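Annotated features in TrEMBL:
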DOMAIN    12-83  domain 'Large ribosomal subunit protein uL6 alpha-beta'
DOMAIN    97-178  domain 'Large ribosomal subunit protein uL6 alpha-beta'
Amino acid sequence: MKYVKSDETLEIPAGVTVNIKAREVTVTGPRGQLSKNLRHIDVTFSKVSDSLIKITVHNGDRKHVATLRTVKSLIANLIKGVTLGFKYKMRFVYAHFPINVNIISEDSKTYVEIRNFLGEKRVRKVLVQEGTTAELSANQKDELTVYGNSLENVSQTCADVQQICRVRNKDIRKFLDGIYVSEKGTIEEPAE
């Protein structure tokens, strides 16, 4: 079954500008600028007013219409990123061998360096994504804070850190060691 016309509307808050040219979305706000290439998704954008964007799919089937909400969410995340920013907190979990984490810089790139995971000699290094900052918490022991404007880059950095600390060849019900995301939030508090 084809849907003749489906659309979603997205509100743009004050102080944020959204430019769309050939499905290349650029969002500018008080925290900076983010852009996302949506050329692979067949949707139409139209600007109703300065504070409203309409996203439309013509003659789409069920799967194609489902991308409408995805595109709306992607742009909403860009808007949230340039206004509030994203901040993830990660906690180190270990039963015996304390996990040693440092933030290092090599060749103008930042890495999260993980040592002594399960007592292993292997040094694990995770690249911190572009536009993202990772730092160890000063007031909380065994906590890593990752923050930035792009939700994709912040969450990907956290995912990479969590994935590199997987326990192999042991019973994962017993060996719960690792670095896990404990809290997801924004850098700036949203105005109620």
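Just so it is clear, glycine is given a Cβ too, placed from its N, Cα and C backbone atoms.
Just so you know, TrEMBL annotations never went through curation; they're auto-generated.
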DSSP helix/strand/coil residue counts for the domain 'Large ribosomal subunit protein uL6 alpha-beta' (12-83): 22 helix, 32 strand, 18 coil
DSSP-derived helix, strand and coil totals, residue by residue, for the domain 'Large ribosomal subunit protein uL6 alpha-beta' (97-178): 17 helix, 30 strand, 35 coil
